[in-house]
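A.B. asks: Okay, handing you the structure first.
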Amino acid sequence: MGSSQSVEIPGGGTEGYHVLRVQENSPGHRAGLEPFFDFIVSINGSRLNKDNDTLKDLLKANVEKPVKMLIYSSKTLELREASVTPSNLWGGQGLLGVSIRFCSFDGANENVWHVLEVESNSPAALAGLRPHSDYIIGADTVMNESEDLFSLIETHEAKPLKLYVYNTDTDNCREVIITPNSAWGGEGSLGCGIGYGYLHRIPTRPFEEGKKISLPGQMTGTPITPLKDGFTEVQLSSVSPPSLSPPGTTGVEQSLSGLSISSAPPAVSNVLSTGVPTVPLLPPQVNQSLASMPPMNPATTLPSLMPLSAGLPSLPNLPSLSNFNLPAPHIMPGVGLPELGSPGLPPLPSLPPRNLPGIAPLPMLSDFLPSFPLVPEGSSAASAGEPLSSLPAMGPPSDPVMTTAKADASSLTVDVTSPASKVPTTVEDRVSDCTPAVEKPVSDADASEPS
């Protein structure tokens, strides 16, 4: 509901006689008075801004005579003028056949109780209250606060209670007779939820039944005309109006409109295999403009970058590896070669063990080959007696990535000298390494032999 009127009331103020109920075929019904939303603010130019007998006196003085009535609607926030003829002959109670109370516009809109969930077989359901669409707007007694309704329900326990209810679906007010009963079998005395406050007020402009809604495909080119209250109707449509764009963007939009999106995967260009970053292909005119640009040198344009030489620095000449001999394995005990396995080379076949008489059996070739260091490709002729110091110093390889270690069983020589020539040498070495015998001095007494 609106919080205040949008038009100025003649005579000022925000008070009037609130119409609560309109009887059928009454003078007020013929004048078009609407329950709950209409406020009688003046009759024949007399402002009704006080709760006194002015309204009764004016009606009694004009029985069976038409009078001009100024009415303010809190639904449309507008003033309208209506003609009504007070009468005692219409067949009901009162000269107008309406129930009224004096209050302010804002107070009437705030004192509304929203009917929420309604339990089945409850007093509210038996009285015909409708969930979410019914609003309790008053009773026979004045209710100005939220607790007034609950106090009224407690005082009418097991007694009929008349309530004025407005329904948003039918856009009409009606009388509801309800009998509060706390023993109905559920929660509360009414068996329904009640909402009160700003979020539970009656909408100012409820939806009009039978109103046509234009669909997106039914839009017309008719101009939009503002309403009387200053608001403009906006059609909720997915079709967007043409946007105002500067003349310079017309060509870009036309060129973009020619682009097509295809679900098929695009062909891979040869540029991907050359290491060039993959960037979107530019139109031909852009490529021509880029080709005419002079090359840029980062060293001259960026002061923080150091200039790089055209190529990598030359490496020193490496000695020829063809003269290198691989020492025999038994001369280098404890030195290991890494595993020669490579994804591109077949594995080395295993050799049978060779046991020579007089010496310890040699391990399998597959056992000690992985313990040797990786040696670059060299000659397969290896001298068993060549010392390690005779090997020339090797420089770093020209390309560490391309260096491969190729070793074969033929590049290794095993000393197969007869054991007869080797055993004495070994015995002599062992004798020479033995600790010399301790010499015992001989005295004169010991030197003479006993007789």
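Every residue, even glycine, has its Cβ placed from backbone N, Cα and C.
Pasting the feature list from Swiss-Prot:
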| type | residues | note |
| --- | --- | --- |
| COMPBIAS | 410-424 | compositional bias 'Polar residues' |
| DOMAIN | 15-105 | domain 'PDZ GRASP-type 1' |
| DOMAIN | 111-199 | domain 'PDZ GRASP-type 2' |
| LIPID | Gly2 | N-myristoyl glycine |
| MOD_RES | Arg30 | dimethylated arginine |
| MOD_RES | Arg47 | dimethylated arginine |
| MOD_RES | Ser214 | phosphoserine |
| MOD_RES | Thr222 | phosphothreonine |
| MOD_RES | Thr225 | phosphothreonine |
| MOD_RES | Ser411 | phosphoserine |
| MOD_RES | Thr417 | phosphothreonine |
| MOD_RES | Thr435 | phosphothreonine |
| MOD_RES | Ser443 | phosphoserine |
| MOD_RES | Ser448 | phosphoserine |
| REGION | 15-215 | region 'GRASP' |
| REGION | 194-199 | region 'Important for membrane binding' |
| REGION | 236-255 | region 'Disordered' |
| REGION | 377-451 | region 'Disordered' |
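How about a rundown of where these features are and what they're close to?
C.D. replies: Secondary structure of the domain 'PDZ GRASP-type 1' (15-105) per DSSP, as helix, strand and coil residue counts: 12 helix, 37 strand, 42 coil.
Arg30 (dimethylated arginine) has a Cβ environment of 17 other Cβ atoms inside 10 Å.
Within 10 Å of the C-beta of Arg47 (dimethylated arginine) there are 17 other C-beta atoms, taking all protein chains into account.
Mean model confidence of the region 'GRASP' (15-215) amounts to 88 (pLDDT, 0 to 100 scale).
Across the region 'Important for membrane binding' (194-199), DSSP assigns 2 helix, 3 strand, 1 coil.
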A.B. asks: Cα-Cα separation of Arg30 (dimethylated arginine) and Arg47 (dimethylated arginine), in Å?
C.D. replies: 22
